[in-house]
């Protein structure tokens, strides 16, 4: 880390899900708009090494970085808000910290010392924070997961308390996000939860420099004075995080309050004025959308929409680019079968089957894919969605009735989808896996190059000979079936550089039927969108207009 780099630590109190990630990303956006080089980091207090093996229903989406890290979904917010890409160093957990410390203890690196939370765990946290910030970064924004008062968060809070002492006040800043509930019956905003949250933080040894109060509406100076009096935070360092129609409006609201100007002042930064014209254009585009299309998303994690966070945002972004609002109809794949399939999609303008793991709800997804294929409904399959599209085609077009994935049915005699046992990474490294390999961190992860077939719809959409998209999978199309599938009309329009892995499929005779092994949603942003999703939504708009 450069000795001139500033660090802003963002903590949260009272309750979870206040929007720490969006607040942190918005602050990064504001500083970036002033010409600064900004990066971000998320520290997660849970003991899992990473979220890769956690249920999406518990944790939400697993966001994959370009260099192959399985991370918290907040990193998706970060990449949608700022231009810098996140890396392996941008997210670490309690589990990863302990794993590193214990590995060094086994090697004897601590020379027989008794390993303790302080100093060994806190030192490892500090090391990862400082070494994870590149030399050319002006400001790093570090979000601490969890809520102040949680026992799991204490080592992280102690570590950043120590960093404040070691780096100095001129290089560090504490921003604390709290809840300011509005009691409708009394018609009052209540400041007591905020007071207690700041007091809890002070008990750990951290005095907040800036307070961000999440509430339904902006509060006046009388509430600010009261909060300032009881929290030891200057009145002009207290800001409102009010509810907005779209999260992409948050940077604009903070800028209107002078939030970024205050950060620049407190950190003694020399910057130009903020240029938020791109974000104003994004918000104006969102507000000016006319019409609506309905996308039926068929999955098994639909009870928690955060499980598909980046995918949802990619669809919304593509809608904005097409001038329409996207309504996502979540369909539980376990409820769909060949008999009732039509009832789920009679109001849908397009169908999407996202990624997932395990056999639960698979036949419902296959029935949905068949319905889209046979009824000329625009279809997009992602990861498992592509694999099941191949299974469906093999069963119902090639007539291979027991075609399946060896992941979902190990005893199938026609495994059109099988385990990838070997592949080459972008850096030339050869990876090998078996059915007995650990689940955690053993998939084909990160950005991989895909060569697009000349004359294909995919090449027309991307307007490129090859693209890099991010992957997270361990099963792939079985190459023994590729020729038969292509002879029957299924085109493999994208392949890995070595031609061994099938990356994209399409049906030329269909109005819009494309599926990809990668996760293109991870690179969609509100400013730039994503060509594949934009084309998909355009097809949905055309169907809607008929």
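Including glycine, each Cβ sits where the backbone N, Cα and C put it.
As recorded in Swiss-Prot, the features of this protein are as follows:
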type	residues	note
REGION	1-269	region 'Amidoligase domain'
BINDING	16, 150, 151, 152, 190, 191, 192, 193, 194, 195, 226	CTP binding site
BINDING	16, 190, 191, 192, 193, 194, 195, 226	UTP binding site
BINDING	17, 18, 19, 20, 21, 22, 74	ATP binding site
BINDING	74, 143	Mg(2+) binding site
DOMAIN	294-546	domain 'Glutamine amidotransferase type-1'
BINDING	356, 384, 385, 386, 387, 407, 474	L-glutamine binding site
ACT_SITE	383	active site, nucleophile
ACT_SITE	519	active site
ACT_SITE	521	active site
Beyond the site residues 356, 384, 385, 386, 387, 407, 474: chain residues whose C-beta lies within 8 Å of the centroid, for L-glutamine: 355, 357, 383, 388, 405, 417, 473, 475
Annotated CTP contacts 16, 150, 151, 152, 190, 191, 192, 193, 194, 195, 226, maximal Cα-Cα distance (Å, integer): 31
Densest Cβ neighbourhood among 191, 195 (binding-site residues), 10 Å radius: 191
Tertiary neighbours of residue 19 (ATP binding site) (same chain, Cβ under 8 Å, six or more apart): 177, 214, 241, 247
Cβ atoms near residue 387 (L-glutamine binding site) (within 10 Å, other residues, all chains): 30
C-beta crowding around residue 74 (ATP binding site), within 10 angstroms: 24
Cβ-centroid neighbours of ATP site 17, 18, 19, 20, 21, 22, 74, 8 Å, sequence order: 12, 23, 24, 77, 177
For residue 21 (ATP binding site), the one of 143, 195, 474, 521 that lies nearest, given that the recorded positions are compared by Cα: 143
Cα-to-Cα gap, residue 195 (UTP binding site) vs residue 143 (Mg(2+) binding site), nearest whole Å: 21
Residue with minimal Cβ packing [other Cβ atoms within 10 Å] among the binding-site residues 22, 151, 384: 151
Neighbours of residue 16 (CTP binding site) among the recorded positions 22, 191, 383, 384, 407, 474 (Cα to Cα, within 10 Å): none
DSSP state at residue 191 (UTP binding site), helix/strand/coil: coil
Overall pLDDT for the region 'Amidoligase domain' (1-269), taken as the rounded mean: 94
Those residues of the chain, 6+ apart, with a Cβ under 8 Å from that of residue 385 (L-glutamine binding site): 352, 353, 354, 355, 365, 369, 515
